[in-house]
């Protein structure tokens, strides 16, 4: 086993080892909360600051040299106004910056010819090249099966079907739960993981078995009993004793309340002086304390990364 093969094996073993049998595995993909602060503008704008900028960044908005230039970055169609949809897109970008940072890291390791694209051949060679010549690796992992699954997902992410991914398509490949057109593959992969008897459904024991291993214990934790009740009462909607594709989708990809849209509407409502439903640069700058105030954020870097994407 060479070094790269050893490292992949080690990472997979670590993931399994860290999953304690008494802890609950969460397969549900939720939209993240915009902030853990209370949304009460009468007391402070901290919630709005976190939503607009991302809670982890650091530099004050009023120290930046050209606020109007910054606001123009949010104006996607460059018509001089910021709409609710444009503001919502910016908020989602700010909150999911870690995804783009992950893509940047992986992009460098897979765009082997540095042409600004990642082909399936490049990804396959960078990820699986060292095991392709070994049909029977001695570490117990079925890398060829993993490769087939990756290829299927890559083809789904590749909208034009040329087996060459743009950065946006590569992002959809790495983080399919973030893209509507990739949600079917998220459901399919989840069902394949849990459906041990390969009948195309997830029954109660498969559902529980994915979250909890008895490991010789006769007594189940209370949360496992609750999950059994959840399966019967809410997951299995047609009461046939198993979850089909649509029921599984409702479980792992719930239609959450859109926090980003709610926050965008709130910011427009509070800042829209002439009540035309959209914001000028002047209206945003006049209310900059609502958007960012003294909340520390590396807003300039976020804008640069926004341009890169």
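Glycine is no exception: its Cβ is also placed from the backbone N, Cα and C atoms.
For reference, TrEMBL has these:
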SIGNAL    1-19  signal peptide
DOMAIN    62-97  domain 'EF-hand'
DOMAIN    98-133  domain 'EF-hand'
DOMAIN    145-180  domain 'EF-hand'
DOMAIN    182-217  domain 'EF-hand'
DOMAIN    259-294  domain 'EF-hand'
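With DSSP classes pooled into helix, strand and coil, the tally for the domain 'EF-hand' (182-217) is 21 helix, 2 strand, 13 coil. The DSSP breakdown of the domain 'EF-hand' (259-294), given as helix, strand and coil counts, is 23 helix, 2 strand, 11 coil. Same-chain residues lying 6 or more positions outside the domain 'EF-hand' (145-180) and placing a CB less than 8 Å from one of its CB atoms are 29, 96, 99-100, 102-103, 106-107, 110, 116-121, 123-124, 127-128, 186, 189, 192, 253, 309. Summed and averaged per residue, pLDDT over the domain 'EF-hand' (259-294) gives 82. Secondary structure by DSSP for the domain 'EF-hand' (98-133): 22 helix, 2 strand, 12 coil.
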